[in-house]
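S.K.: Have a look at the structure that comes next, please.
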Amino acid sequence: MKELSTKLLVIGGGPGGYVAAIRAGQLGIPTVLVEGERLGGTCLTIGCIPSKALIHAAEVFEQARHNAAGSALGVRAGEPTLDLAQTVRWKDGIVQRLTGGVGGLLRKAGVQVLQGWATIEDGKTVSVRMAGEGGEVRRVRCEHLLLATGSEPVALPSMPFGGAIWSSTDALSPDVLPRRLVVVGAGYIGLELGIAYRKLGVEVTVVEAAQRVLPSYDEELTQPVLESLKKSGVVLHLGCSVQGWDAGQGVHVRNARADEFALPADRVLVAVGRRPRTSGFGLESLQLDMAGRHVAIDAHCRTSMRGVWAIGDVTGEPMLAHRAMAQGECVAEQIAGHARRFEPMAIPAVCFTDPEVVVVGKTPAEARAAGLECIDAAFPFAANGRAMTLEATGGFVRVVARRDNHLIVGWQAVGRNVSELAAAFGQSIEMGARLEDVGHTIHAHPTLGEAVQEAALRALGQALHI
Ligand SMILES: Cc1cc2nc3c(=O)[nH]c(=O)nc-3n(C[C@H](O)[C@H](O)[C@H](O)COP(=O)(O)OP(=O)(O)OC[C@H]3O[C@@H](n4cnc5c(N)ncnc54)[C@H](O)[C@@H]3O)c2cc1C
């Protein structure tokens, strides 16, 4: 068996693992990265990027249909058709470009990539079954082991994935469009994909156990999403649980009154959550401290075993690519001897629904629960000129700040393209901005960002355009 030694060994080439490896390489740390599938991980290959590509294609298609029906803007076009195979090829092309780019960046940073599946022997030794003919096994010894193995979709016991039962991965590469799609789970993954399919002309029904869509977000924020779902013709069954499925009747559902009914479906997308990937590669042998299903880490991303680090989805919520990347960078810098901790003021969360939702920092309720006396104020896009020109007047921007010193502790927004406001929100919180800092910054006109300035001014009692 071939053996090699390195200072840092990273298991997993998703956003957490590849960023850690690139940063480590930049810092001159000899680094080996092992990836069993494709560089880029869930995010680049079956998550963030392909889902946003599909959402965009669906939006363009819907806009074309809207124009064909006669738009208020005077744009006229014929009834569009969809070449689904081409849409999927276009999406795959973006994924291909990005995963290839990650490979290039790793090479540039001097990282050795092993394409194969890693099995942990002990905290300093990992064997890798290399991809390709022969399945050669290599042993890698390391000073530092970084776990970045990500997560996998949770299946319902009564409806295992396969055939008509789709995971999000299947929904991103359809060979045909189903006529009727039932989505189980109204979290962000289920709704993003459900809305995209609706825009592509599919009859979409969403079943959710909670009484609300996007149940982990505050209700005021999700209300415009709920209204838009209803307007678009998505059928909602809230407060309902799924009992099973058969090809004849479809999905069997039970409501809060214990009535049972069936929802006919050609495909069922199960999007009920993701679980950290912690088994099947010898992790159990390390007997690390766990926090429920995920690997427990401290503020340095250290596990309970010296020299073993963990980042990203394998360390639990929030399971987001940008958190994994930031943790990866933080670990690499610590291994290089820098004094770092992973203690962000806020981690943005975005739902690429229609309209989009963005949350950074504390909501008014979270601020109250944390014992802070806060003021909050919202500015509606209905009073924003740019929103009118974009036909996007639904939604608002809301700011939350401490009453005593006006320090901003949270931002929330719902509306078209508000994901792009996440940068301004995150920067103001990380930099300790006060309402006056944002309210007195000159924002370009006409932009959606003016609603950010106006929300801050409104919290100060000085709003100008409302
Ligand atoms: C449909 C969908 C949409 C999403 N949209 C967003 C979004 O818009 N924004 C956002 O921030 N997040 C989004 N996410 C979540 C995001 O993809 C994850 O948070 C992110 O990919 C986590 O990164 P990671 O590095 O922890 O793990 P992953 O990206 O899961 O990467 C882990 C990698 O480790 C590899 N691996 C595991 N075990 C081994 C082993 N034993 N040997 C070798 N390799 C191994 C896997 O093959 C995988 O490539 C989405 C997820 C899904 C499913």
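The backbone N, Cα and C atoms fix where each Cβ goes, glycine too.
Computed from a predicted structure; not experimentally measured.
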S.K.: Which of these, GLY116, GLY123, GLY132, GLY273, does TrEMBL say binds NAD(+) at the same site as GLY185, ALA186, GLY187, TYR188, ILE189, GLY190, LEU191, GLU192, GLU208?
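M.R.: Given GLY185, ALA186, GLY187, TYR188, ILE189, GLY190, LEU191, GLU192, GLU208 bind NAD(+) in TrEMBL, the matching entry from GLY116, GLY123, GLY132, GLY273 is GLY273.
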S.K.: Do any of the recorded positions CYS43, ASP313, HIS445 touch ligand 1, in the sense that the CB is under 6 Å from one of its atoms?
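M.R.: Cβ < 6 Å from ligand 1, in sequence order: CYS43, ASP313.
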S.K.: Listed recorded positions are ASP313, LEU320, HIS445; which of them have CA atoms within 10 A of the CA of CYS43 (disulfide bond)?
M.R.: LEU320
S.K.: Summarise the model's confidence over the domain 'Pyridine nucleotide-disulphide oxidoreductase dimerisation' (347-456) as a mean pLDDT value.
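M.R.: Overall, the domain 'Pyridine nucleotide-disulphide oxidoreductase dimerisation' (347-456) comes to a mean pLDDT of 98.
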S.K.: Would you mind listing, in sequence order, the residues at least six apart from HIS322 (FAD binding site) in the same chain with a Cβ closer than 8 Å to its Cβ?
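M.R.: Result: PRO15, ILE347, PRO348.
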S.K.: In the domain 'Pyridine nucleotide-disulphide oxidoreductase dimerisation' (347-456), how many residues does DSSP call helix, how many strand, and how many coil?
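M.R.: Counts, helix then strand then coil: 39 helix, 33 strand, 38 coil.
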S.K.: Per DSSP, ASP313 (FAD binding site) is which: helix, strand or coil?
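M.R.: Assignment for ASP313 (FAD binding site) reads helix.
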S.K.: When the number of other CB atoms within 10 A of each residue's CB is tallied over all shown chains, which of the recorded positions CYS43, CYS48, LEU320 has the maximum?
M.R.: CYS43
